[in-house]
Amino acid sequence: MNLLIGNIGHLSVIVAFAAALVAAYSYFQATRGRALGDDDTNWLRIARGAFFVHGAAVLTIIGCLFNIIQAHRYEYYYAWSHSSNHLPVEYMISCFWEGQEGSFLLWIFWHVVLGFFIIRFNRKWEAPVMAIFSGVQLFLVSMILGIVLGDVKIGSSPFILLRDFMTDLPVFKMNPDFVPKDGTGLNALLQNYWMVIHPPTLFLGFALTLVPFAFAIAGLWKRELTAWVKPALPWTLIGGGVLGVGVVMGAYWAYETLNFGGYWNWDPVENAVYIPWLVLVASLHGMVLWQKRRTGLRTSFALVVATFVLILYATFLTRSGVLGNASVHSFTDLGLSGQLFIYMAVFSVLAIALLVYRWKEIPISEKELTLYNPELWVFVGATVLCLGAFQVLFTTSIPVYNSFMGLLGVKTNVALPADQIAHYSKAQLWMGVGVALLSGIAQIMWWQRNDKTTLVNSLTAPTLLTLLGTALVVLLVRYNGLTISPAYVVLTLAGLFGVLANFGTIFTLLRRGVRLSGGAVAHLGIALMLLGVLASAGYSNIISRNVSGLLYSREFDESLNRDNVLLWRNETTTMQNYDLTYTGQFFDVPGVPGYVDKQFLFRTDDDYKALARSPIVAGGKTYYKTGDTVAIMPENTYYRINYKDRKTGDQFALYPRAQVNDEMGEGGLLASPAIKKFWGHDIYSHVSSVLDPRKDKQWSEEKDHVLAVGDTIFLNDYFAVFRAIEPAHETAGLNLQKGDLALQADMIVHGEKRQYHVHPVFVVRNRLVGRVPDEVDDLGVRLSLTNIDPTAGKFTFAVSTTQKDYVILKAMEKPFINLLWSGTLLMAFGFGLSVWQRGRKSSVADATEAASAAAPAHAGRPQPVS
Amino acid sequence: MKKSHLFVMAIIAVAAAIILSTTADASVYVGFGEARQRAAEGNTTKVHVVGKLPRDGQKRPIGLEYDPMKDASYFSFTLIDTLQVAQRVVYLEPKPQDFDASEQVVITGQMKGDVFLADKILLKCPSKYVKKDLDGATAAN
């Protein structure tokens with residue numbers, strides 16, 4: 001029992017809360033009634049000090065919580081419910097943010113880091129911007145405050161003790177100092193390296209949306225209606241890149257870990273991040289339009305505010321429990337809905353009210369945009385993004401409508417669309433078309449003077465190539481015996497145009513400086529991502545489809561798809577172009593590359609330890625000798641599936657995984673796929689159902705066979721020879737002592753693939769007879785040596801058989817999915833280039849700022865887009 | 001009329017189309033009674049049904065039918081909806097591994113003849129949300 005660390009942690013939470021309050025108030029006072037940059041130095045000093053104290057307190061909270069997890073202090077609920085003794089160190093980090101409190105902390109932490117950057121680099125804007133930052137921190141810290149005032153519980157503390165959380169448990173009545181020996185463990189699905197890096201990326205993206213929001217509100221507040229865009233723009237850029245990468249990381253995690261057969265499931269939790277990202281990217285375009293061409297300021301204001309409000313809404317959606325049945329992976333409801341709602345309402349109402357109040361004062365461009373202005377197309381593109389976001393938002397909010405009507409006393413029963421993928425795709429597809437086409441056109445036009453001739457000249461080549469390429473794609477698709485719908489043709493056309501037009505732009509810009517091409521590179525990445533999504537999702541091919549025509553059910557007339565096959569162990573099944581064989585169950589042994597066959601391991605009473613039955617060799621190196629104790633990870637069983645390409649004869653093995661997960665209830669097994677990557681496609685397989693690895697096998701009644709050495713018998717249809725009887729040696733787990741008599745039989749069983757030595761053991765110790773049976777998992781046979789008649793030279797074997805092992809497998813082919821991932825990398829790289837370009841410019845920009853602000857939109861040489 | 005007005009009207013039109021399509025695609029939570037009635041009327045929209053599994057004295061679910069050796073992609077069970085109407089449900093996928101322990105089952109799909117053909121099953125398991133049991137908590141140490 002270590003109460004000190006929790007008390008330090010909880011105290012730090014209270015300090016962080018109080019300091020945020022002081023900082024918010026002091027920053028407010030420092031700038032109240034004064035012009036931007038002309039702050040009251042006394043208040044400013046207090047405010048800055050308070051924010052530093054806040055930052056230090058936040059770091060202390062994180063340190064305390066991490067110590068509780070890392071030192072396995074199970075007297076704390078957080079450690080007990082999110083961690084366990086056997087958890088590898090790297091996943092202790094994931095434990096930290098598995099719970100709501102930890103993820104709030106992560107978010108708070110990034111705000112602190114960003115706040116320090118602003119204090120250091122944006123002195124002029126510090127007071128109003130940091131007043132908003134501190135206000136946000138105040139609300140966020142309140143979520144983990146864990147204080148009860150009267151009947152109202154404010155926040156949920158991560159430092160709550162197990163005994164205070166589960167007060168009803170009888171053990172605490174007997175012994176208040178009871179500490180469990182082990183925790184309940186991290187959700188097995190989160191034991192993945194992406195879960196170490198994805199949440200911090202996502203929350204950094206979330207935190208980054210606060211920066212442009214705070215600048216915009218500061219601009220409205222201080223009547224600096226135009227100047228805020230410049231310091232805020234790099235942050236928006238970084239935010240767009242980070243959040244975009246974060247979203248795709250989540251998608252990649254889902255692809256690798258979950259078994260719904262893809263990377264995106266339109267789950268409300270995924271949507272809750274996707275929506276603000278789309279609007280954030282739209283707002284980025286608005287800000288670039290203002291910064292470079294002096295138009296679209298109102299749009300920028302509206303979209304920057306909308307992005308942050310949507311982040312707040314996403315927080316409310318995923319953490320308040322309002323989604324209920326609609327999501328499989330929203331956070332546990334901590335009863336914070338009221339607090340979350342207040343947080344969302346306060347900032348939304350204040351921001352929108354301030355925006356409406358100043359709306360008329362926000363300058364607009366006098367110039368009417370024509371079709372020859374790239375600004376128009378950028379603007380249309382931003383609108384398309386917002387409409388796409390709107391569709392997802394409107395549908396994802398369906399559970400909210402029910403709750404809202406419930407509050408009004410009306411019972412409604414609207415549910416999310418039954419086929420969500422079809423519902424979202426039909427709008428998102430057209431958004432993709434719009435984005436790809438507009439990004440191509442706008443990028444070309446942005447960098448040149450536009451009239452009819454120049455436009456025709458620059459658009460002809462990409463258009464012709466696009467038409468040619470699309471025709472080729474359609475022909476190739478048809479040639480492969482697949483169909484392509486008109487909508488897919490249009491998306492291919494748009495995607496190819498986006499790729500070619502942006503590629504052309506990059507090529508032209510190379511002469512003018514690579515750094516300028518950030519926007520074109522990012523857009524090229526997006527266009528590639530669209531093509532990758534189209535190919536991999538639109539043409540995902542189920543290899544394991546049952547085409548045998550043998551159906552068990554007679555209830556339906558029409559033939560319905562059967563997407564899973566049963567594979568018997570060591571029997572080869574042909575599916576489309578592949579011969580598939582399931583060849584056994586494997587464990588992951590830390591330190592040994594690859595996987596280790598369960599048949600080489602003898603399980604002991606300790607779940608996490610096994611004895612090697614034969615040398616464990618990988619890549620020519622012996623890792624364990626026979627009889628060594630091997631540390632294993634017993635939750636995960638890997639099912640080895642051999643794939644053999646029937647045309648080329650190439651072979652590879654995949655190891656899809658089933659994970660014992662008691663959190664999902666008893667008997668919970670979670671399947672995760674295994675993926676084989678080729679340059680042009682992925683082969684994706686997961687088990688859909690397996691014989692439960694934890695349940696004891698059901699053995700048939702034993703049958704006795706009396707044999708002499710050299711006799712042959714049939715065991716479960718396999719031919720077997722009783723070769724010899726020999727002294728037992730190195731037998732796993734027997735602990736032979738002096739004076740014991742131990743004999744083992746050597747029986748060779750001829751399986752389909754190979755021969756197996758079976759060694760049932762017969763022990764006499766202190767005149768008591770013991771028998772250790774031996775099994776062949778591959779064949780489902782168990783042998784024990786039950787009796788020895790030395791005079792007649794006869795040996796009695798008891799033979800029993802079990803259900804032969806099988807897996808039910810689903811296998812898919814995902815064509816060109818690498819376009820999606822490489823497109824994402826390009827997009828991130830493009831964002832990076834743009835940030836670099838801005839950073840370079842801003843160091844010389846102060847001198848030229850006045851000039852560029854005064855210049856009309858089309859003066860001189862066109863300027864970089866982002 | 002100014003071009004910007006046209007543009008705004010186009011946006012409103014698209015937004016309205018989005019709302020309409022969502023309304024058309026949205027499903028509903030119903031009981032089996034209404035699901036049957038809808039099927040009889042020729043309404044083929046898929047519905048959501050929330051229900052529980054019937055269980056015997058040992059809390060084991062009754063009437064699950066899954067034999068992977070005959071057909072790996074055929075699972076059928078009986079579900080009792082919130083209005084206590086029982087219905088045979090067929091799911092043409094392998095049986096979800098944690099099905100037996102689920103406290104509540106949400107299915108989507110539609111009636112086909114005498115059975116409800118489910119294309120999605122969402123399980124709510126008792127311990128998934130808040131952990132209430134403590135293993136080995138009886139051992140006082």
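Using N, Cα and C of the backbone, Cβ positions are placed for all residues, glycine too.
Taken straight from TrEMBL:
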DOMAIN    A:101-320  domain 'Cytochrome c assembly protein'
TRANSMEM  A:6-28  transmembrane segment
TRANSMEM  A:49-69  transmembrane segment
TRANSMEM  A:104-122  transmembrane segment
TRANSMEM  A:129-149  transmembrane segment
TRANSMEM  A:202-221  transmembrane segment
TRANSMEM  A:233-254  transmembrane segment
TRANSMEM  A:274-290  transmembrane segment
TRANSMEM  A:297-316  transmembrane segment
TRANSMEM  A:427-447  transmembrane segment
TRANSMEM  A:487-509  transmembrane segment
TRANSMEM  A:521-539  transmembrane segment
TRANSMEM  A:816-836  transmembrane segment
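Each of A:104-122, A:129-149, A:202-221, A:233-254, A:816-836 was scored by its Cβ pairs under 8 Å to the transmembrane segment (A:6-28), and the highest score goes to A:129-149.
Away from its own ends, the transmembrane segment (A:521-539) comes close to residues 241, 262, 264, 425, 432, 435-436, 439-440, 443, 477, 482, 488, 491-492, 494-499, 502-503, 506, 682, 814-831, 833-834, 866 of its chain (Cβ-Cβ under 8 Å, at least six residues beyond either end). Sequence-distant neighbours of the transmembrane segment (A:487-509) (same chain, 6+ residues past either end, Cβ-Cβ under 8 Å): 429-430, 432-437, 439-441, 443-444, 447, 458-459, 461-463, 465-467, 469-470, 473-474, 516-517, 520-521, 523-524, 526-528, 530-531, 534, 538. Long-range neighbours of the transmembrane segment (A:233-254) within the same chain, counting only residues 6 or more positions beyond its ends whose Cβ lies under 8 Å from a Cβ of the stretch, are 114, 192, 194-195, 197-198, 201-202, 204-206, 208-209, 211-212, 215, 260, 262-265, 270, 273-274, 276-277, 280-281, 283-284, 287-288, 291, 304, 522, 820-821, 824, 827-828, 831-832, 834-835, 838-839, 842, 866. Among residues of the same chain six or more beyond the transmembrane segment (A:129-149), those with a C-beta under 8 A of the stretch's C-beta atoms are 10, 13-14, 16-17, 20-21, 23-24, 27-28, 30-31, 47, 50-51, 54, 58, 61, 100-101, 104-105, 107-108, 111-112, 114-115, 118-119, 122, 155-160, 210-211, 213-215, 217-218, 336, 339-340, 342-343, 346-347. Comparison of A:274-290, A:297-316, A:427-447 by number of C-beta pairs under 8 angstroms to the transmembrane segment (A:202-221) places A:297-316 first. This prediction places the mean pLDDT of the domain 'Cytochrome c assembly protein' (A:101-320) at 92.
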